[in-house]
Every structure is written in C-alpha cells, then in structure tokens.
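> Here you go, one structure.
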Amino acid sequence: MAKAKFERTKPHVNIGTIGHVDHGKTSLTAAITIVLAKTGGAKATAYDQIDAAPEEKERGITISTAHVEYETKNRHYAHVDCPGHADYVKNMITGAAQMDGAILVVSAADGPMPQTREHILLAKQVGVPAMVVFLNKVDMVDDPDLLELVEMEVRELLSKYGFPGDEIPIIKGSALQALEGKPEGEKAINELMDAVDSYIPQPVRATDKLFLMPIEDVFSISGRGTVVTGRVESGIIKLGEEIEIVGLKDTQKTTCTGVEMFRKLLDEGQAGDNVGILLRGTKREEVERGQVLAKPGSIKPHDKFEAEVYVLSKEEGGRHTPFTNDYRPQFYFRTTDVTGTIKLPADKQMVMPGDNATFTVELIKPIAMQEGLKFSIREGGRTVGAGVVTKINN
C-alpha cells in the first residue's frame, strides 16, 4: 500500500504524553497510532519502536524523545513521548518539544503517584496551556467506586496546581485492550482523541503574535544607516513601522526603513525569516547583540525573575559539585550571555547536578523577557543547566 501523504491543510498541534513511570504513556502513544491507522490518520507504530527513542541534543542537553505524527478529522498532531522521567523534566524545561497541550496518563490501578504530581507542576510552570486525562488500565479495576475515587483524586491534584480540575475531560480506558484490537479499547482511544480535539485550544500561529526579533549582529552601511540581523521569532515587521530596541540599555524607539532577505528587499519580514532590518536614525553603537526589536510596549526589560531549572549531571558534562546560594554563572538568553546571581529558597541549602530546582535570579543587566522565556546556564562556555522564566519580579 502506498504511504498516505499527510495533508498540511489541517491546523497543526503539538502534544505529548506525561505521567508516572509505568502508567502506560508509551502504550497509549502506540495505541493512538494503531487505532487512527485504521482510518488512514496515522502510520501504526509499535510500542518497541516508540520506546527506543533516539537521543537529541537541545541547548547542550541530551534528551531521549520519540516523535510520532497522526491526524484526526480536524487536526494534524505531532506527539512526543519520553522514555524516562529525567527526559520529561529536561524536555519540558528546555522546550525541546514544545507542547500546546498534554495527555496526562494515570493508572486506574495505582492512582496519582509522585511523578504524576511532578509532571502536572512542571506543565504549569512551563506554561502548557491545557491537558486531558487518560485513566489507563481500567481493565485491572473491578470496583467502580475505586475508579470514581481515583478520578476524584486526579481532579483534586489538577486543581491544586492551578488547572481547572472540575472541567478537564477524563477518559477511562485501557491502552492494552486498544493494542489488542478489542472494541472497548478502541472506543476509549476514539473518545480520547475527540476530547483532545475539542478541549486542547488551537495554538496561536507565530505570525499572529506580536513582532519580536532577537538581534544577532549589527552593521553600519555607509549612506544608509544601521542594519541589525536576526531571525524573526514572532509576528510580522513591515516597512515604516515603529519598533523598540529592548534590553541591556534604556529602551529606544526607532523605525524600520528596510527589510532585506537573501540580498533582496522585502515589504515585510515574518516569523521564521532570517532578515536584516534597516533602522532609521539609530547609530551603530546604540544597538548590540542580545537586545531585541519588538512592537512598542509589547515587552519590557527585567533583571529579577523566578525560574524552574534543570541542572546537568556530571555524566551530561555538567558540574561535578553542587552549587549554593549566591552562585554567579552566565545566563544565556536568545543570543547573549548575562551574568547573574542565584538566590535559593530559604529551605534549600544547595542544588545537586542532575536535579531540577526553583530559584530566583538577579541579572547584572536587564533582558527583554516574558514568562515562559527559555535560557541556558553556562560556566566557562559550557552549559551547566537549562531553565524557563516562571515569574517576573519587579
């Protein structure tokens, strides 16, 4: 049979399975592909193909992630599944696999477990907008009261971490029954995909967001002025539009008088484009790498924030020793390093390599930032951690 071509006409959503070890995340991922393959919406992918996830590097950190794709009537999905707990922590903090939504897998036989909690908390911290629950292994539970109890526990846990626990769809089923082709197993998978389709919101496309471009380089072109280059992160920039230069120094206003790509002049640059932007009346020395160009008023510079951070283990090339309060590494945001001081919470004496932790950072210079911004922590040019801004402190 010829391989069906995925139609890119449907809206695209990135999703992932999260939850405690052995609750059935990978079995569920396999079951989704096998059930959807029957209607031509996926290539059936077996458990062991997904479980042998390839290693990828994201900002100097090795993460094992399996990617599968499938489609429903309404959407095209890219789905990530990680083999180990540490891979999830790294994946969510680095944003290696951006998640527009998640499927939280909970074993009906065990109920919520420590990693269930940790994944819900991480999802909240890194800004996963919505999730749907799959209560797995219901074929192993004979008592309907027990099922109801587990569902209540899951809803309470979601509410505790700031998700709407009462509203979130909880689908009960068995990934194993679906893999075995049993009708009740398949029915639950179809119900789950309907819930994901309707409950996980459609993400805003990068071009529909406000304009932002991290500055990578600055040139002076005689007779024309100053050109900054970089990749447009979000939004669209048009000729004649007023923009702000934000970060490192006081915010300045300027006007875009030219957009150039591959030596051709354009009317506009949009998300994903590598462009040069000509700035009216801006001097070469007033702009530098590490600042951003942005729509006026859309982003502010900050130097104090709270972060969720994964610290590399020694085996991953990280530090060999823990760090303590007032540790001063470099924080790499977008295109530049800024020195900062780490302030640990009162109850935390130190952070060990291989741990994830929450702490406050004070930078020596402000950076254009918003919650959800990713960064690396570096020491002597090597990456020792990866983090995400969870809260800005003014």
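Glycine is treated like the rest: Cβ placed from N, Cα and C.
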> Region 'G4' per Swiss-Prot: which of the ranges 40-43, 136-139, 200-203, 352-355 is that?
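Matching range for region 'G4': 136-139.
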> Which is it, of 10-14, 60-64, 270-274, 375-379, that Swiss-Prot names as region 'G2'?
60-64
> Please find, within the list 81-84, 113-116, 205-208, 325-328, the residue stretch that Swiss-Prot describes as region 'G3'.
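Checked against Swiss-Prot: region 'G3' maps to 81-84.
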> Select from 19-26, 315-322 the stretch of residues annotated by Swiss-Prot as region 'G1'.
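Of 19-26, 315-322, Swiss-Prot gives region 'G1' for 19-26.
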> Between the binding-site residues LYS25, HIS85, whose Cβ has more other Cβ atoms within 10 Å than any of the rest?
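The residue with the most neighbouring Cβ atoms within 10 Å is LYS25.
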> Based on DSSP, tally up the residues of the region 'G1' (19-26) by helix, strand and coil.
2 helix, 1 strand, 5 coil
> Same chain only, please: residues at least 6 beyond the ends of the region 'G4' (136-139) with a C-beta under 8 Å from a C-beta of the stretch. Say none if there are none.
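23-24, 27-28, 105-109, 147, 172-177.
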> Tell me which residues of the chain lie with their Cβ under 8 angstroms from that of ASP22 (GTP binding site), as long as they are six or more apart in sequence?
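For ASP22 (GTP binding site), the qualifying residues are SER107.
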> For the domain 'tr-type G' (10-204), what is the mean per-residue pLDDT, to the nearest integer?
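Summing pLDDT over the domain 'tr-type G' (10-204) and dividing by its length gives 93.
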> Specify the count of other C-beta atoms within 10 Å of the C-beta of VAL138 (GTP binding site).
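Around the Cβ of VAL138 (GTP binding site), 22 other Cβ atoms lie within 10 Å.
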> Which number gives the other C-beta atoms within 10 angstroms of the C-beta of GLY19 (GTP binding site), all protein chains shown included?
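Neighbour count, Cβ to Cβ under the 10 Å cut-off: 25.
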